[in-house]
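Student: Okay, these came from TrEMBL:
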{"type": "ACT_SITE", "residues": "Ser67", "note": "active site, phosphoserine intermediate"}
{"type": "BINDING", "residues": "Ser67, Asp277, Asp279, Asp281", "note": "Mg(2+) binding site"}
{"type": "BINDING", "residues": "Glu371, Ala372, Asn373, Arg499, Pro500, Ser501, Gly502, Thr503, Arg508", "note": "substrate binding site"}
{"type": "DOMAIN", "residues": "56-98", "note": "domain 'Alpha-D-phosphohexomutase alpha/beta/alpha'"}
{"type": "DOMAIN", "residues": "121-173", "note": "domain 'Alpha-D-phosphohexomutase alpha/beta/alpha'"}
{"type": "DOMAIN", "residues": "182-284", "note": "domain 'Phosphoacetylglucosamine mutase AMG1'"}
{"type": "DOMAIN", "residues": "298-438", "note": "domain 'Phosphoacetylglucosamine mutase AMG1'"}
{"type": "DOMAIN", "residues": "474-526", "note": "domain 'Alpha-D-phosphohexomutase C-terminal'"}
Amino acid sequence: MQKNIQLICTLSKSKFKKKHSKVIQYGTAGFRTKGEDLEHVLFRMGVLAVLRSKVKKATIGVMITASHNPEEDNGVKLVDPMGEMLESSWESIATKLANINDDDIAAELNTIIQQENIDENQPANVFFARDTRPSSEHLASALQEGITAAGGNFQNFGLLTTPQLHYMVRCINTNNNYGQPTEDGYYNKLTAAFRTLYKQGNKNYKASLVIDAANGIGAIQTKLLILHIKDLLHIELRNDGSSGRLNHECGADYVKVQQKPPAGIDMKPGTRCLSYDGDADRIVYYYADKDNTFHLLDGDKIATLVAGYLKNLMSDSGLTLNLGLVQTAYANGSSTDYITNKLQVPVACVPTGVKHLHHRALEFDIGVYFEANGHGTVLFSDKATQTISNATKDTSKTEAQRKSASCLLTVIDLINQTVGDAISDMLLVELILSTQGWDAEQWNQAYIDLPNRQLKVKVKDRSVIQTTDAERKTTAPAGLQEAIDKLVSGYLKGRSFVRPSGTEDVVRVYAEADTRVNADKLAAEVGAVVYDLAGGQGERPL
Ligand code: G16
C-alpha cells in the first residue's frame, strides 16, 4: 500500500491537483457542487472507496450524480456493502480527505489506515456508475484512476440510476442472493414479481402512464424496463433527454416544489403522469381532473398508499408484524393525521436525508419510509421476511391467508430495499392501483393535503441556521424560532420550519396553512425573517 500511496501523492500533485480552495462537505447525499470543482474529489474518493472496501472486506459502491440539482452541478457518494448510504462516521473522513491540500494526502491516508486499523493487504473492489450529466464521464475517469492508484479492482457499470447501483452492490455482497448484479438481473427480478401480481384491467384502473424522465438516466433505463413489460403497461416517455436540459423545468423536484406539471407534458384529464428526478431515485405522481385542475400525489401519498396496502395484506395473511412509517418535517400535516388516525400505523419523524429515514425504518419489522419529495422505499427485516415466508406454508392458516402471504412475499421482490428507487416505486404503485382497481382520483381521495409552499432563501453562510427536533425548530440564529412561532400563530392550521439544505447553497423554508393564499403568505413571511436574521443575500422574499 505504501507504493500506492506514493503514486497517489504524485498524481495528486500533478494530474489531480486541487484547483480551488472552496470547502466541500459530504452532505445530505454525498458531495455536491459545480461539476468543474470535483475532479480532485473524485480521484480522492476512488482512493477512499478502496480503503472502505478493505475495512468492510466487501465491495463498495460509488455513484456519480447530483440527482435533482441543475445540470452543471455534479456529485459523488459512497455506498456501503448492503447498498445503504455510507456510515456517518466516514462522512467526516471523506470531507477531510476531499479538502486537505495536495501535499497532505500521504499523511492523511496513513492516519486513516491507522485509525481504522486497515489491513493493507486486504483486496478491494469498487462498483461505480454515473448519471447522464456532461461532466459525469470525465469525473468517472478521475474516480477510476483513484481506485487503480490505490490498488483496487473495479467494475464500471457506465450509465445507471442511483438505486440500480445500490442494488448491484447489495447483490454482489450477498453472493447474488439479493439478485443478479446486472441490468438484466435487476429488471428480471422486479418485473417477474410485477407480472405475478399485476391486475391489468381491474375496474377503474387503466394500464397506461406518461413518464417525465427529467431528461436524465431514468429515460434510458425506462426504455429497458418497457422491453420487459410492454404487454402489461403502456408507457409514454417525455423529457427523455433527446432535447431538453437535465431537471430543467421538469423532474420530480420541479413538480413537487412548483406544484405544477413539467414542461413537455400536456396533461389530459384522468391520465396518470409521473416524474422521476435526475438520477431516478425519486418519484411523484400527478393528474388533471375533469376541470383540468392539477393534483399532486407526492411521497406522502405514495407512503400512505403503500402502508395501507401492506397493512391489508398482513391482516389478510393473519400476520401481526410491527409496521411503521417514517417521514420528515416536510410531510404534509394531513398525511400524518391520516396515517396515525385512519391507518393506525405508528409514524416517526426524522431529519431530512434518506440515510436518516432508512436508519429509523430498520427499527420496524416492516418500515415504510418516504420523504414528501418522493424519495422512499420499504424495508422488511429478516424476521418479517421469514415470518411471511413461513406463513405461505403454514397449514394452520386458511388457503386465503396463505395466498395473501404469498402475495406479500412476492411484493418484497418488487421493492428495491437498498434506497428509494423511482422505477421500483412506480411498479409498486401501479401494482397497488391495479389491485384496488383505482384511478388516480380514487387514490387521491384518502386525504386532502393542506396547502403548502416551499421557498429557498440565499444567505451568506447557511450553517448559521442550527436546528433541533428533527429539523422542526431552530436553535440559531437567536430570535429566529420565536419569530417563526409568532408568525405561525397567526394562521389557521399554520406550520412552518426552516433548515439549511445539504445539497444546495440555500436555506429551505416550508410552510403550510388552511388556504393556498395563507400558505404562500406564511412562507414568504418566514422567508423574510430568515433573510433578516441569517444574513440574506439577493432578493428578499417579501
Ligand atoms: C437528496 C437526498 C434527499 C433530500 C434531498 C434534498 O435528494 O437524498 O434525502 O431530501 O437531497 O436535501 P436538502 O434539502 O438537504 O438539499 P436527491 O434526490 O437530490 O439525492
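For all residues, glycine too, the Cβ spot is worked out from N, Cα and C.
Describe the structural context of these features.
Tutor: The secondary structure of Ser67 (active site, phosphoserine intermediate), as reduced to three states from DSSP, is coil rather than helix or strand.
Of all the Cβ atoms in the protein chains shown, 33 others lie within 10 Å of the Cβ of Asp281 (Mg(2+) binding site). According to its DSSP assignment, Asp281 (Mg(2+) binding site) is coil.
Long-range Cβ proximity for Arg508 (substrate binding site), meaning a same-chain Cβ under 8 A and a gap of 6 or more residues, is found for Gln454, Leu455, Lys456, Val457, Val498, Arg499, Pro500, Ser501.
The average pLDDT computed over the domain 'Alpha-D-phosphohexomutase alpha/beta/alpha' (56-98) stands at 97.
Look at the domain 'Alpha-D-phosphohexomutase alpha/beta/alpha' (121-173): DSSP puts its residues at 26 helix, 13 strand, 14 coil.
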Student: Please list, for the domain 'Phosphoacetylglucosamine mutase AMG1' (298-438), how many residues fall into helix, strand and coil according to DSSP.
Tutor: 80 helix, 18 strand, 43 coil
Student: Using DSSP with the three-state reduction, classify Pro500 (substrate binding site) as helix, strand or coil.
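Tutor: Where Pro500 (substrate binding site) sits, the three-state DSSP reduction gives strand.
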Student: Would you identify which of the recorded positions Ser67, Asn373 has the most other C-beta atoms lying within 10 angstroms of its C-beta?
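Tutor: Its Cβ has the most other Cβ atoms within 10 Å: Ser67.
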Student: Within the chain of Gly502 (substrate binding site), which residues six or more apart in sequence place their C-beta under 8 angstroms from its C-beta?
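Tutor: In sequence order, Gln25, Gly27, Thr28, Ala29, Thr352, Gly353 meet the Cβ cut-off.
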Student: Return the members of Ser67, Asp277, Asp279, Glu371, Pro500, Gly502 (the recorded positions) with CB less than 6 angstroms from at least one atom of ligand 1, or none.
Tutor: Ser67, Asp277, Glu371, Gly502
Student: Counting other Cβ atoms within 10 Å of each residue's Cβ, which of the binding-site residues Asp277, Asp279, Glu371 comes out lowest?
Tutor: Glu371
Student: Distance between Asp281 (Mg(2+) binding site) and Glu371 (substrate binding site) at the Cα atoms, whole Å?
Tutor: 11
Student: Reported as an integer number of Å, what is the Cα distance between Asn373 (substrate binding site) and Asp279 (Mg(2+) binding site)?
Tutor: 14
